[in-house]
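Let me begin by presenting the structure, written as structure tokens, before commenting on it.
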């Protein structure tokens, strides 16, 4: 029924009987909006709206210097080698993609003349091809024209395994061909409902063929331009010191009118998040600081100084407690947490349910994340149309105790529950990080009240998140009963985010713990939903499949969501940055300006 | 003399080899790897990580990696940063001038404070001035630089708004550029310099006191020489022998102490390079920087020994 209504509504928009905004509003009402609502319209045959960021300056330049403070300095400036977002942010000052995600999760054309849609012939109904048209007259900083050959080259460069580009996944499973000098066609091997990945956003930045053609494959690291970017972006490269400083100057030939507003740009690296926040909010030495992972209490105190403020951008990053479905204390063939075992305590759904009842999300929000967090019952928290409305959470020690009682765990004389002479004891691990240790303490306290003995463990982040096969303390080895960390959502689509927990991706010794399904959860229904979603071209059905996946995870308590985390930035009061929770901070840099 | 130096240099080679071996093994056994940031990124498939590991030779056995490193080092190749994909020597050379500027100025400041104060305090032991100097010296070296650094930031940047606390390379040239360079270096140089000056003052004072009681000083005074001449020409010259040794031996330690200060003030020096490389598990850079520190220690030990003999001819080189 819903399906039919929707098709009617799409037709209404097409014929002009309903405006886009009304359509998107209806979508919100049924739990569907933003990027996917627009992709629905796009596949339904309605051109995507362009919602340019507000931009007031009426001339190029004259805005003085823009000083950015990244407490982790970019270490390299080739977007295809960007190890972390810091490197993507640094590269993005000079390189540009065809389109970037704006505040609402819409595609905002950068180098593209228009966003592909069925109407303009850019998209095919079978979701297998995309045709992108380049803006004419765009020049590289060295004066050479940008052409379709550059785009084809970027695909060849990144998809060559010998190049060892981190963007390889974005560019594999598809072919890129040149139609004419300003047009390319992307052909996917399978129907790809989320087509806006290659050449879009952080991994979509385009490097010039004429400077990198000789350094494809095994010689990639020798390219002199890895450190001296020549791009199409709003700023031209001046100076780069890895980990310390990037300096750029205005690109007088930039392809967008009146942009950029600033004459020079500086991105300084190093230090820590708190002092970065201080330099922007309190002393005003810098205009903007990135990723201010500081307790909200501290930010509120700094804001009293009045030179700057904290900004929050909503994305889909989720902080969660994952449950181990296998036994971390039994070794089978030299492997603990082996898929051949079952967790002695946590394989009982009642115990998992009780644990979920013991995570006091309100207190965690109040005491730690403040404005930078939202409580949630879902693992999948965005974009809107993928967010399940069927789930709920609560905090109740009584209900948890009752559940444990039902499961046969009786209170012992020492206040710890036991069953068949075995104590209810759990090892709870996470990385070393102030907010995480505080959350651990809050959860531990509630567990104690319910008669669960929780042992806390924290591991240095560089070890916890490493892919070191020999180290038993990584999150992927998961030699603990429960563990907590954050998984960021890097694009406004849940495919990658949800595919992790497919049972074929379980982390084992055999795949060197590189399988991303670290809770070792296997659920046939979930697998089927994810497999179906991967090739489902109907956006509504596809969103339903992911919601179903999320609900299955919720029912089974695979993940106990702790906090839906927002990106936190510090900005001077006069700066007007264009930020989006679905993009990196510098992704819409051309639209930044200062209001006096 | 030259034979002595040559022999000392020859002895330094095996000790440096030993140091490099220990450093390498410890770093190789340390947990973590440079591509950890990729681990939670769903856009990056595990195969890419594996390919990167193989490409940078992280999967080879330790002894093979050490031999590779040693062979390359002997040819002047310092290695290749995993994280920046740049040669390590480029990274180090890029940051050396800043460290030399900050550490050098702070060392100079320390000497400018320590020598006059120490000497003056020694000529009037247990006077009010001496007591005051002692008290400040004790406070000075019991407060760690990370504490005084933050204290300075709170006072001079946040409260008074006089000085910037983010050290950055300023574009431009001429007098305004020079002034800006000095302005932003004031706080870090003060923090490091005062810390050094505190312990050095104590040392200068006791060295002076040792010499000032000797008979030849009394003789000099009996000859009718003025106080200033006695102190500067006769006492100080001999008292400085241990001080020079101490200063030479402290130079590598100052590089180490600057690590914390560099981090606080975001000074793009060798210390902050070391910290960020350790955090990113960028082993080749960590290896190179620690090895440079090791070389500095060995070198300055040698310089101290040579200086010692030159200042006091009674010590012969054998």
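The backbone N, Cα and C atoms fix where each Cβ goes, glycine too.
TrEMBL labels come from automatic prediction, so no person has curated them.
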Segment assigned the feature transmembrane segment in TrEMBL (from B:76-99, B:100-123): B:100-123
Residues flagged as transmembrane segment in TrEMBL, choosing from B:177-198, B:199-220: B:177-198
Feature transmembrane segment in TrEMBL, mapped to one of the ranges B:23-49, B:239-265: B:239-265
Cβ contacts the transmembrane segment (B:100-123)/the transmembrane segment (B:177-198), at least three under 8 Å, sequence gap 6 or more: yes
Beyond the flanks of the transmembrane segment (B:135-157) by 6 or more, those residues with Cβ under 8 Å of it: 163-165, 187-188, 190-192, 194-195, 197-199, 201-202, 257, 260-261, 264-265
